[in-house]
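Okay, so here's the structure we're looking at.
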Amino acid sequence: MLRAAVAAAEELRSPLLRVIGTLRDGRGSVLLGRRVRFCSNSSASDTEAAVAEAEAKAEDASAAEGEADSKASSAIVPTSTNIDDCLSVIALPLPHRPLFPGFYMPINVKDQKLLQALIENRKRSAPYAGAFLVKDEEGTDPNIVTGSDSAKSIDDLKGKDLLKRLHEVGTLAQITSIQGDHVVLLGHRRLRITEMVEEDPLTVKVDHLKEKPYNKDDDVMKATSFEVISTLREVLRTSSLWKDHVQTYTQHIGDFNYQRLADFGAAISGANKLLCQEVLEELDVYKRLKLTLELVKKEMEISKLQQSIAKAIEEKISGDQRRYLLNEQLKAIKKELGLETDDKTALSAKFRERIESKKDKCPPHVLQVIEEELTKLQLLEASSSEFSVTRNYLDWLTVLPWGNYSDENFDVHHAQKILDEDHYGLSDVKERILEFIAVGKLRGTSQGKIICLSGPPGVGKTSIGRSIARALNRQFYRFSVGGLADVAEIKGHRRTYVGAMPGKMVQCLKSVGTANPLVLIDEIDKLGKGHSGDPASALLELLDPEQNVNFLDHYLDVPIDLSKVLFVCTANVIEMIPNPLLDRMEIIAIAGYITDEKMHIARDYLEKNTRQACGIKPEQVEVTDTALLALIENYCREAGVRNLQKQIEKIYRKIALQLVRQGVSNEPDHESVSASVTEESGNGDNTTTKDEILKDPAVEDASVTNNVTNPASEEANEENLTSEAAKEDSTSKGNKGTDGAADKAIEKVVVDSSNLGDFVGKPVFQAERIYEHTPVGVVMGLAWTAMGGSTLYIETKKVEEREGKGALVLTGQLGDVMKESAQIAHTVGRAVLLEKEPDNHFFANSKVHLHVPAGSTPKDGPSAGCTMITSMLSLAMGKPVKKDLAMTGEVTLTGRILPIGGVKEKTIAARRSAIKTLIFPAANKRDFDELASNVKEGLEVHFVDTYSEIYDLAFQSDAGTETS
C-alpha cells in the first residue's frame, strides 16, 4: 500500500500535467484520475471520498512499516473538512508570483512556528491555508526579482506589519506535502482578506470569491477565448519551457472553461507578478480573458524573439563550422598537391630564412640553440601552450641583429659641426665629447668609458646624447629608468612565466637593427628598489665593458655581446647614483646656460621654431631683445631653457589668438622634418629614422621638470588678453581690407619689455638687489640654488646693550651648518674688532640679531661665513661696506678662507645684480679663470686667503689684494 501511495505521488510531479487534470470541465483527467480535485466547484463528493480513502490506506500501510517522520507527508491529503467552511486560514506570503487555482506551487517556510501550525492543520484533516502575494516595497521595480534578500525581510515581518505587505486577494491553497521546510501548495479558489484573527502565525478571516455571472454563448466571449486558446497553443509549441508536454497541453487546452482558461494562460506566462495579481483579482470573466490575452500575446512575442535569436546563433555556429571544415579540407588538398605546407613547416622555414643571412656572423652557441628549438617546434602540437612559447622564443632569437654593425664616423670636425648645430654654448661639454670621439678614432672603436651627463633639468642632456649618436653615425635608443623597481625590465622574465618578455636591451637591439647603437639610459639617479630586486645591481653587468661581452638576458638565456654598444647616462644629481655604478662612469657636468647663451638660444632656436609651429609669419610679429632679456631675468632664471621655451610658446599663442580674431589666415608652411633617432615612447615601439636636425637644446626627457612658475599669473593671463594687445587688435581690425583677400593689412604685433607682462603675467622673480647703497650692518653675499646662483643679503641689528650680555640671535630658516657658520663668524668678528679697535666692546655688551632674507626660504651651507663677519663688523664699527661689493667664502675659527662651489652660478648672479666687485677664496681662482670671457668681463674680482684681506677690501679704499 505504501508503494501504491508513493506511485500516486510520483504521478503528481509535473505541475502542469496535474493542472490539465484539474482544469477540465468535470471530466476526470486520464493522467490524474480522481486523486486531485479543483477546489472551486467541489464539495463533499465521491472524489473527496476517494481521495480520503486512498490517503487512509496509505497511512495504514506506512504505520504498518514504521512510524513516519512528523514533518513528512504523502502527496495525497485527507480532506474531511468542507472547503466552504474554511473562513479563517493561516496567511502564507508568496514573494515572487501569485498562486492560481488549479496550480501547484512549492514554497520554503523558514518560520518554525508557522511550519508547525501547517503540520497541525494537516493532522486535523484541514490542510488549507491562504496564499497571498507580497506587495513590493516603495521605490522597487516589480520586474526585478530581488531573490533571497526580499524573502528574508518578509520572514522577519509579523502580525500587522506582514498584513500590510500582503495583497488582499489571494488563493485558498491545499497543503499537499510537507518535507522539512519545503511545502507544496495546490490552489483551489480565490479569497479576500477581511480582518486579522491572530498575529503569530498570521491568521486572517477571508471571504470566498466567485466569478461574476456571464453568458457562455456570447460571441465576443467565444471569440476572445478562441484567440486565447490559439495563442496558448502557439506559445506552447514555440516555448522551450513546455516543449516536453506540448502534445498533452495542446490536446486538452480546448476543454477548459473560460475562467480556468484565463487562469491557465496567466499562470504559464512570464509576466511580472503585478500583472498576474491583476488577473487573479479580476472577477469579471470577460475582463480576465482580455487581460490574459494581453499576457499570452506578449509571451508569444517573447517566444518568437527567443526563437529567432536561437536560430540566428545556430546558423552562425553552423556556418562557422562549415567554413572551418571547408578550410581544413582545402588545406589537406593543397598539402597533398604540394601547394602549401602546414603551419609548423611554414614557421620553421621563416625562421631559417631569417637566420640564413646572419649565419656567418651569428655565434655558434646561438645557432645551436636555434636548431634545437626548431626541432622541438616540429614535435609540438600547434594547439599546445608550449608551441606558442617556443614560437615566440624563436622569433626573438632570429630577429636580433647578430653581428650587424653600423659604420662609425670618428671625424672630429663633423662631430664639432653637429654639436654646434644642435646646441649653442656648452663649450666645455663639447670639448669633453670631442676628446672622447678622438680617443675612439685612435682606437678604432668607441668601446671604453661610459659617459654620464649630469646637470639640472632642461639643459639639454638628452639632446646631447642624440647629437653624439648623429656624430658617430649610430642608431639612437632611449629608455628611462626613473622609478624602475623591477629587475625584469632590464634582464627580462624567464620563459616559464606567462607573457614573458626580454629586457629593455634585447628590445633595443631588435628595434634599432644594429648591434652597436648608442643607448641613452635616462634618469639613472632615480632608480627605484622594490621586492622584485635591485635594478642598480642589474645595471652593473649591463654597463661594465668587462662583463657585458657576455650579457645574459633571462628570457633569451644565451650570452649577448653588448661590448660594442655605447652607453650614455643622464642624471640630475650624481650623489643619488649608487657608488658601484658611479665608479664605472665618466662624469660630464652640464652647469647650464648663462644669460647671453639663453639670449642666443631664444633668438636663434626657440623663437624661430615656436613661430613656425604656431603658423605665424616673421613680418606679423616682432619680439625685441629687451623683451627676451626681461623674460630670461624675471621669469626664467633656471639653469636650463625648458621653461623659457614654455614662456615663448605662451607669447606666440596669445599673438596667434589676436591674429585670428583680426581675421588673418596664413597658408600653413609645409616643412619636412626627418629624424635619425630611435627613441623609446611610453608603451609603444621605437622607430628608426634618418638625418634629424635637432636645434632645441631644451628638448630633454619629459619625466623630470623642476621649473619655477607663477601658476596664478599664468592662469590669469591665459584667460585675458592685455589692454595693449586689445588696442593693437582694434587697430588691426580698422586696417583690414574689404576685398576678401587672404592676407589682410594688419599692424605688426611688437612684444617688448613694456608689454611683456600682458602676455606672460607678472614677473616670477623680483629684483635681487634690495639696497642701492647698503646701510650699516648689511652685506651682500652670493649663494647657489637649484635655479642657479643668486645674491643673498646678511642683515644684523643691535637688539639691546648691557654690559657683559653679548649674545647672537639667528632667524631666516637657517640650517645647522649655517647656524654653526654664524657662531664662528661671531667669534672671528669679535677677535677682528679687538685687533682693529681695542676700545670697542660691542660684541661683549650687545645682543646682535642676524637675519637672512627671505624668511620663508630654507638656507644652509658654509659659504656665507665671511659675509656674516663683515655684516657684524659693519654694525659694530658703524661703517657701511663698499658699494657694489659681494663676497662668498667659508671661514675657519682662525680666520682662514676656504674654497666654495658654484663659482660660475654665483658670478652670473652678481652680474645680474650689477655688482662690480667680487671677493672669492684664493683656492677658487682656477675655477674663475675657466669661465667664459663674457662672464668675467667688467668684474673686479679679488681672491683672498684670510679674513683680514676681506676687511681691508670692505672698509678701506687703499687695498692691495690680488685683483683679476
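Glycine is no exception: its Cβ is also placed from the backbone N, Cα and C atoms.
What Swiss-Prot records for this protein:
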DOMAIN    89-300  domain 'Lon N-terminal'
BINDING   Gly455, Pro456, Pro457, Gly458, Val459, Gly460, Lys461, Thr462  ATP binding site
REGION    663-740  region 'Disordered'
COMPBIAS  673-687  compositional bias 'Polar residues'
COMPBIAS  688-698  compositional bias 'Basic and acidic residues'
COMPBIAS  703-712  compositional bias 'Polar residues'
DOMAIN    773-957  domain 'Lon proteolytic'
ACT_SITE  Ser863  active site
ACT_SITE  Lys906  active site
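Projection of Swiss-Prot feature records onto the structure.
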residue	record	DSSP (3 states)
Gly455	ATP binding site	coil
Gly460	ATP binding site	coil
Ser863	active site	coil
Lys906	active site	helix
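It is Gly460 that, of the binding-site residues Pro457, Gly460, has its Cβ surrounded by the most other Cβ atoms within 10 Å. On a Cα basis, Lys906 (active site) lies 16 Å away from Pro456 (ATP binding site). Residue environment of Val459 (ATP binding site) contains 29 other Cβ atoms, counted within 10 Å of its Cβ in all protein chains.
The number of other CB atoms found within 10 A of the CB of Pro456 (ATP binding site), across every protein chain shown, is 20. In this structure the C-alpha atoms belonging to Gly460 (ATP binding site) and Ser863 (active site) are separated by 29 Å. Around Lys461 (ATP binding site), taking its Cβ as the centre, 29 other Cβ atoms fall within 10 Å, counting all chains. Rounded to a whole number, the C-alpha distance linking Gly455 (ATP binding site) with Lys906 (active site) is 16 angstrom.
Under a cutoff of 8 A between CB atoms, and with a sequence separation of 6+ in the same chain, the neighbours of Lys906 (active site) are Leu782, Ala783, Trp784, Gly789, Thr888. Gly458 (ATP binding site) sits 27 Å from Ser863 (active site), taking the Cα positions as reference.
In this structure the alpha carbons, written CA, of Thr462 (ATP binding site) and Ser863 (active site) are 32 Å apart.
For the domain 'Lon N-terminal' (89-300), the model's average pLDDT works out to 80.
In sequence order, Gly781, Leu782, Ala783, Trp784, Thr888, Gly889, Glu890, Ile900, Gly901 are the residues near Ser863 (active site), counting only same-chain partners six or more apart with C-beta under 8 A.
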